[in-house]
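Remarks on the structure that follows.
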Amino acid sequence: MSPRPAFDPTLYLVTDTGLCGPRGVPAVVRAAVAGGVSAVQVRAKDGGDRERLALVRAVQDVLRGTGVALIVDDAVDIALIAGADGVHLGQSDLPAAEVRRLAPDLLLGLSVSTPAQAAAVDPAVVDYLGVGPVRATATKPDAAAPLGPEGLRAVVAAAPVPCVAIGGIHPDNLDALRGSGIAGFCVVSEVCAAADPEAAARALRTQWHGRAS
């Protein structure tokens, strides 16, 4: 078994094809990485598997040589075929332990929304957790009730692996996540829908690092 890829979750971008619009996902990713995005998850719910594979490969071309990890949402087969760095699973996706047996070298992320779900994670199987939603978010209307900063802290405290916050995170509420113990935070619309994704990413990263305590 080879070591799993390096992974910096500080500023974790989850792509949204619709929000990226005519610019396209790869162009937005390129700009966002220039602004300081440190990990990218390709989330594409529309289209067939071939289209999703083509998108993952296009983003992979953008990320090559940058050191930024490429994570694929849900689709273990596409992650393996493309040679991505990892896959991110939801609670209703394939069991994490089964995926780990199938893909021992992939980074494996899992979405959780309660302390009990976090505490049940096997750190030999799962590398990191996506915790949320922290706030209400329009990009995932079927998400659980918002945790808020206190709920986020409770989930992180129960987790045996690093946690990344997700859901409705914007510059005006980012500072409320300080002291929660998170290893990083995810954004979707804040970067994908921005007129200048590079500037949006840079502003988020500067705010997080510039006022970190």
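Every residue gets a Cβ built from N, Cα and C, even glycine.
Note that the coordinates shown come from a computational prediction; the quantities given were computed from them, not determined experimentally.
The following features are taken from Swiss-Prot:
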| type | residues | note |
| --- | --- | --- |
| BINDING | Q41, V42, R43, A44, K45, D73, S111, K140 | 4-amino-2-methyl-5-(diphosphooxymethyl)pyrimidine binding site |
| BINDING | D74, D93 | Mg(2+) binding site |
- Message: These are the binding-site residues: Q41, S111. Which one scores highest on other Cβ atoms within 10 Å?
- Response: Q41
- Counting across all protein chains, other CB atoms within 10 angstroms of the CB of R43 (4-amino-2-methyl-5-(diphosphooxymethyl)pyrimidine binding site) number 23
- Message: Measuring Cα to Cα, how many Å separate R43 (4-amino-2-methyl-5-(diphosphooxymethyl)pyrimidine binding site) from D93 (Mg(2+) binding site)?
- Response: 14
- Sorted by position, what residues of the same chain at least six away from A44 (4-amino-2-methyl-5-(diphosphooxymethyl)pyrimidine binding site) have a C-beta under 8 A from it? T15, T17, V25, E51, R52, L55, D73
- Item | Fewest other Cβ within 10 angstroms of its own Cβ, chosen from the binding-site residues D73, D74, D93 | D93
- Item | Where R43 (4-amino-2-methyl-5-(diphosphooxymethyl)pyrimidine binding site) sits in the secondary structure, as DSSP reduces it to three classes | coil
- How many Å lie between the Cα of D93 (Mg(2+) binding site) and the Cα of S111 (4-amino-2-methyl-5-(diphosphooxymethyl)pyrimidine binding site)? 10
- Integer Å distance between the CA atoms belonging to D74 (Mg(2+) binding site) and K45 (4-amino-2-methyl-5-(diphosphooxymethyl)pyrimidine binding site): 10
- Message: Within its own chain, what residues at least 6 apart in sequence put their Cβ under 8 Å from the Cβ of V42 (4-amino-2-methyl-5-(diphosphooxymethyl)pyrimidine binding site), listed in sequence order?
- Response: T15, V25, R52, L55, V56, V59, L70, I71, V72, D73
- Message: Rounded to a whole angstrom, what is the C-alpha distance between D74 (Mg(2+) binding site) and S111 (4-amino-2-methyl-5-(diphosphooxymethyl)pyrimidine binding site)?
- Response: 11
- What is the number of other Cβ atoms found within 10 Å of the Cβ of K45 (4-amino-2-methyl-5-(diphosphooxymethyl)pyrimidine binding site)? 10
